[in-house]
Amino acid sequence: MPAITLPDGSVRTFDGTVTGTTIAASIGPGLAKAAMAMEVDGKPVDIGTEISSDASVKFITRKDEDALEMIRHDAAHVLAEAVQSLWPETQVTIGPSIKDGFYYDFSREKPFTPEDFPAIEAKMREIVAANTPFVREVWDRDDAIRFFEEKGEDFKAQLIQDLPEDEQISIYRQGEWLDLCRGPHLRTTGDVGTAFKLMRVAGAYWRGDHRNPMLTRIYGTAWRDKKELDAHLLRLEEAEKRDHRRIGREMDLFHIQEEAVGQIFWHRKGWRLYTVLQDYMRRAQERNNYEEVRTPQLVDRALWEASGHWDKYRENMFIATVEDEDKTLALKPMNCPCHVQIFRHGLRSYRELPLRMAEFGACHRYEPSGALHGIMRVRGFTQDDAHIFCTDDQIADETAKFVKMLAEVYSDLGFDTFRVKFSDRPETRAGSDEVWDRAEGSLKKACEIAGVEYEYNPGEGAFYGPKLEFVLTDAIGRDWQCGTLQVDYVLPERLDASYIGEDSNRHRPVMLHRAILGSFERFIGILIEQYAGKFPLWLAPTQVVVASIVSDAADYANEVAATLKAAGLQVETDTRSDKINAKIREHSLARVPVILVVGRREAEERKVAMRRLGGAAQEILSLDDAVAALAKEAQAPDIARFAKD
């Protein structure tokens, strides 16, 4: 007689094994109609799953956020059936749900193109309208392999062969079509609804390995209703307008080319933006008593073996050999082992703790070419990386100080709110469970003391310790995980870091790994899209253009520019003979925040006509007033703040 506990705390008892369908019907016809799936003891399962013992049950309806992932998962199955209905020779591979949508990878001699989408979407709507039940079946392993091999589905057969011997072979059937899948699924294809759209195609190697066959990946998006779908498409349209790759070209900030895949050629204006941001971060770290260091980029494998990165991270490292010296080295993918070497260099005392060590460290990580994205996902990048060596008793205070610093930085850069995620131990990790218990407990206690509220992000910690992830929301509602704080007891032990305590004995420090921006490259990409290239004056690569109306005003334009430069502004002059409206249009497209227009009258009266980006009106100011106002506005927020103090 299973006792079923519902979310409101009420308990219903049933005579023998019961399904979610039966439980929902016992509560009422409305829920019986609306329930699409359920959670049993926190685990999502099919609505028809049998329950034979006491359990907590929560039903999932279309109104629930949890329904979205299942709608997208089922939409991937509907997509695969539609494709094979239209092109039976196509092999299906895998098709998961992802953020905002789903994809499915197909093997076909002729790759799909967006021109195929109307036919596929029409067939998908037919499958949804058929309202065919999803039925789970458990097959014998050998029978399943033989079935897919006989169908010519070699990829599916390979997937089954690679599954653990003790894993059930779960097959989901929707009418005559079926697929290998762990589930769970909704009740029927009709539960997917019609709020879906195919978005794009891309190439993808089977299992992400370039040595394997190239597949065609079809991406789609799916939502609970048309209103959500339309809102998402509107966000994508806005995101396209803000794409940092396009804006980067238009503003002449950077470029990437085939001879250096995944690495950035910073142009003058882009590098100016980079250095302004780096200088700002350097000042923030100095105010918070960080000592800046610099460590090598190319390091012997012995250090990576000792730290554990060689075992856990080698496939993402760029490795070099030195034949004459019989050495194997790697470009560092992160700075932490090198910072431990500095900490270990000489005898450390408890009086030096906490020791905050920062580096704008150049790192390299291998990313598949298909995963690269502008300057946001690259192979060569610079981290705003720091490591705090401290005692257990100092973790809470250091956490509070870091969060305060992070909040100030984000606010200065235009992000006033952020969320925090607590990521605990991953499946692949270094250190014993006892060490992880200690690390997770310390970080939770630190959050409690520091007043940091968080949501759980299970299994997503670093391989050496749990972490807090700080997630920004941008101007169009997208989330960006940037900052991190990680508690690490493992690396100091592995690399033999120690200090002399008050008792004159050696002790292991705790190592806090922390970053605020993450990488400069990615964060600059985020900033470009946050502001759509229309930066506040202090960040703008070119802050002011002085444009002359007539050639007679060229000398005065140069004088104005020189005066602004002397006040510390980044200024360009435009004394070409082009019409002033053409000049204004050109510099507005380049997203220059301020254009100062000067002609004969302005030269005679020593004034300027100031135009703001996006504004039609001009403000007439004396040269001295304009310089004073712009110099004040162009101050970085932290400098302006401390000037007031």
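Keep in mind that glycine also has a Cβ here, set from the backbone N, Cα and C atoms.
Swiss-Prot annotations:
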- CYS336, HIS387, HIS513: Zn(2+) binding site (BINDING)
- 1-61: domain 'TGS' (DOMAIN)
- 243-536: region 'Catalytic' (REGION)
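Its Cβ taken as reference, HIS513 (Zn(2+) binding site) is surrounded by 22 other Cβ atoms within 10 Å in the chains shown. A simple way to gauge crowding: the CB of HIS387 (Zn(2+) binding site) has 27 other CB atoms within 10 angstroms, across all the protein chains here.
One way to see the shell of the Zn(2+) site is to take the Cβ centroid of CYS336, HIS387, HIS513; the remaining same-chain residues with a Cβ within 8 Å of it are MET334, ASN335, HIS339, VAL340, ASP385, ALA386, GLN486, ASP488, LEU491, MET511, LEU512, ARG514.
According to DSSP, the domain 'TGS' (1-61) comprises 14 helix, 23 strand, 24 coil. Same-chain residues at least 6 positions away in sequence with a Cβ under 8 Å from that of CYS336 (Zn(2+) binding site) are, in sequence order, SER307, ASP385, HIS387, ASP488, LEU491, MET511, HIS513.
Confidence for the region 'Catalytic' (243-536), expressed as mean pLDDT, is 92. In three-state terms derived from DSSP, HIS387 (Zn(2+) binding site) belongs to an extended strand segment.
DSSP classifies CYS336 (Zn(2+) binding site) as helix under the three-state reduction.
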